[in-house]
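Colleague: Input: one structure, supplied below.
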Amino acid sequence: MALKVLSALDTSKTQYYHFKAIVIAGMGLFTDAYDLLCIPPLMRLIGRIYYGDNNDPKAVSTMLFLALLGTVIGQLVFGRLGDLIGRRRVYGLSLMLMVLSSVGCGFSICTTKKCVLGSLGFFRFLLGVGIGGDYPLSATIMSEFANKRTRGAFIAAVFSMQGFGILASSTVTMVVCTIFKKSSATVSEDHTPPEADVAWRLILMLGSIPAALTYYWRMMMPETARYTALVERNVVQAAKDMERVLDVSMSQIAEEFPLPPNPPQYSLLSRQFLQRHGRDLFSCSAAWFLVDVVFYSSNLFQSLIYHSFIDHHGTKKLNAYDEAYQVARLQAIVAICSTIPGYLVTVYFIDRIGRVKIQLLGFFFMSLVYFAIGIPFKFYWDKHTNMGFMFLYCLTFFFANFGPNTTTFIVPAELFPARFRSTCHGISGAVGKVGAIIGSVGFLWATRDEDSGKLNATGLTIALMILGGVCVVGFVVTYFFTFETMGRSLEDNENEEDDDSGQFCFLRCLTDSGLRTNSSRSEQNIAA
């Protein structure tokens with residue numbers, strides 16, 4: 001029997017606190033995207049200041065690798081802490097770590113090349129840890145506060161703040177570069193003034209402001225009712241917390257016998273856990289790994305667009321500020337034309353057609369686009385990085401966000417029991433970020449000439465074809481292993497009841513492979 005407070009959460013109408021929670025949780029994702037995606041244009045400035053040019057792939061890939069490595073660690077550590085000591089207790093800690101490390105990235109003590117990059121790398125790693133911690137906590141908190149009718153849209157709305165974070169980082173970069181350029185009398189194509197060293201630091205530190213502004217509200221949030229009732233087993237406190245933030249009276253949610261049923265006592269990754277949840281953990285982790293391999297490999301052909309529209313075929317005709325401005329402008333165009341629309345379309349459709357269909361759709365069209373780029377790349381796109389290439393490039397971002405990049409963030413927050421939810425989301429995300437490291441660092445180096453450091457057309461053609469194949473594998477994994485969670489209570493998805501658990505798992509497998517498109521029929525089969 002479901003607790004009244006949880007049933008009230010599932011059936012509650014959409015109200016002010018839901019939107020407040022979206023903003024509070026989403027601002028962490030906003031900061032994540034700002035800090036991670038402001039690096040490409042800033043490395044142009046750093047390259048001009050410390051390298052004499054901006055084409056050192058070692059520095060770019062190292063900064064990216066350190067941030068992603070920190071993200072892997074943060075997702076595992078904070079994800080587990082979210083289940084052990086509570087979502088709220090560690091939620092502010094991850095945000096504060098992001099704020100302090102963003103400021104630290106800007107300070108990056110010293111002004112010599114090795115010292116600056118070493119300091120920047122250290123703080124980028126810490127920033128990654130904070131960003132990693134924010135993923136499982138934001139998704140879990142939003143899923144546990146939301147009602148089951150609009151839960152997917154709420155979590156997707158939180159995740160969509162990444163798109164606005166990308167746009168904000170690009171806008172801030174363009175504004176700061178414009179101001180510094182106009183205030184400098186010595187900037188030229190061949191000379192980068194010393195004050196440029198202040199510009200990139202300022203851009204990095206400005207990213208900490210939105211997160212810092214929401215810190216107070218994060219600390220004022222109550223613990224989620226599901227954690228309080230099901231993990232801490234304090235149903236009375238859960239009801240009091242929900243009465244305080246949601247439009248519901250205590251008489252509606254007070255329990256006659258305020259003790260939740262005892263959950264099965266098995267540990268994380270035990271044999272019983274794997275029997276009940278191993279398939280779900282595999283599907284979430286594998287899909288996230290595959291989409292991140294592809295999504296972060298966009299660096300492979302981003303540089304081609306930069307080369308075509310900014311580098312003017314290898315000749316430096318722009319000063320440092322203009323170059324960073326052009327890179328940021330390109331990022332802003334991609335965000336406006338494809339990234340943000342992809343997020344918003346997902347918010348609209350996620351609770352109408354379901355997570356599985358959107359993930360299948362995204363993987364399918366991403367594979368088509370990568371094959372369309374990869375097959376003729378060596379013979380055409382390598383020499384014709386034109387608007388047609390730009391259109392296909394934008395489509396990869398649209399169908400990633402209206403597809404697996406968003407759904408892999410949502411589904412792990414809905415499938416697992418409350419006592420494992422944050423941990424399993426963190427594991428899934430950490431596996432995904434391992435894929436990101438492979439995609440953005442491994443493929444980047446595999447497709448470059450050792451001597452010139454430039455992209456190799458043959459290697460890039462093969463890499464793009466492999467990425468299309470990865471999307472096909474993602475489609476297969478989604479179809480056969482991913483469970484549809486649309487319209488179901490989190491407790492219905494948990495598979496925590498001892499009775500008939502084998503029948504439940506069997507029926508869920510049948511549901512996934514044969515009845516995926518009909519959520520209501522799935523519920524009837526499982527209930528039977």
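Including glycine, each Cβ sits where the backbone N, Cα and C put it.
TrEMBL lists these features:
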TRANSMEM  21-47  transmembrane segment
DOMAIN    21-486  domain 'Major facilitator superfamily (MFS) profile'
TRANSMEM  59-78  transmembrane segment
TRANSMEM  90-109  transmembrane segment
TRANSMEM  121-141  transmembrane segment
TRANSMEM  153-179  transmembrane segment
TRANSMEM  199-217  transmembrane segment
TRANSMEM  286-310  transmembrane segment
TRANSMEM  330-350  transmembrane segment
TRANSMEM  362-381  transmembrane segment
TRANSMEM  387-411  transmembrane segment
TRANSMEM  423-445  transmembrane segment
TRANSMEM  457-481  transmembrane segment
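What does the local environment look like for each feature on the list?
Modeller: With a threshold of 8 Å between CB atoms, the same-chain residues lying at least 6 positions outside the transmembrane segment (21-47) that come near it are 53-56, 59-60, 63-64, 67, 94-95, 98-99, 102, 105, 116-117, 127, 131, 134-135, 137-138, 141-142, 145, 154, 157-166, 168-170, 172-173, 177, 192, 196, 199-200, 203-204, 207-208, 210-211, 213-214, 217-218, 221, 302, 320-321, 323-325, 327-328, 331.
Long-range contacts of the transmembrane segment (59-78) within the same chain: residues 35-36, 39-40, 43, 46-47, 51, 90, 93-94, 117, 120-122, 124-137, 296, 299, 422, 425-427, 429-430, 433-434, 436-437, 440-441, 444-445, each at least 6 residues beyond the stretch ends and with a Cβ under 8 Å from a Cβ of the stretch.
Panel annotation: around the transmembrane segment (90-109), residues 28, 31-32, 35, 74, 78, 81-82, 115-116, 119-120, 122-124, 126-127, 129-131, 133-134, 137, 141, 201-205, 207-208, 211-212, 214-215, 218-219, 221 of the same chain, lying at least six beyond its termini, place a Cβ under 8 Å from a Cβ of the stretch.
Residues 18, 21-22, 25-27, 29-35, 37-38, 41-42, 45, 138-139, 142-143, 145-146, 199, 202-203, 206-207, 210, 321-322, 324-325, 328-329, 331-332, 335-336, 339-340, 342-344, 346-348, 350-351, 401, 406, 409-410, 413 of the same chain, all 6+ positions outside the transmembrane segment (153-179), place their C-beta atoms under 8 angstroms from a C-beta of that stretch.
For the transmembrane segment (199-217), the residues of the chain that approach it from at least six positions outside its boundaries are 20, 23-24, 27-28, 30-31, 34-35, 38, 42, 45-46, 92, 95-96, 98-100, 102-103, 105-108, 168-169, 172-173, 176-177, 180, 321, 324, judged by C-beta separation under 8 angstroms.
Long-range contacts of the transmembrane segment (330-350) within the same chain: residues 37, 40-41, 152-153, 156-157, 159-160, 162-164, 166-167, 169-171, 174, 305-306, 309-310, 358, 393-395, 397-403, 405-407, 410, 486, each at least 6 residues beyond the stretch ends and with a Cβ under 8 Å from a Cβ of the stretch.
Residues 290-291, 294, 301, 304, 389, 392-393, 395-396, 399-400, 402-405, 407, 457-458, 460-461, 463-465, 467-469, 471-472, 474-475, 478 of the same chain sit 6 or more residues outside the transmembrane segment (362-381) yet have a Cβ under 8 Å from a Cβ within it.
If you look at the transmembrane segment (387-411), the same-chain residues 6 or more away from its ends with a CB under 8 A from one of its CBs are 135, 139, 143, 152, 155-156, 159-160, 163, 283-284, 287-288, 290-291, 294-295, 298, 301-302, 304-305, 334, 337-339, 341-343, 345-346, 349-350, 355-356, 358-359, 361-363, 365-366, 369-370, 372-373, 381, 428-429, 432, 474, 478, 482-483, 485.
Cβ atoms under 8 Å from those of the transmembrane segment (423-445) belong to residues 57, 61, 64-65, 68-69, 71-73, 75-80, 82-83, 132, 135-136, 139-140, 268, 277, 280-281, 284-286, 288-297, 299-300, 408-409, 412-413, 415-416, 463, 467 of the same chain, restricted to positions at least 6 beyond its ends.
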Colleague: What mean pLDDT score does the domain 'Major facilitator superfamily (MFS) profile' (21-486) have in the model?
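Modeller: It averages 86.
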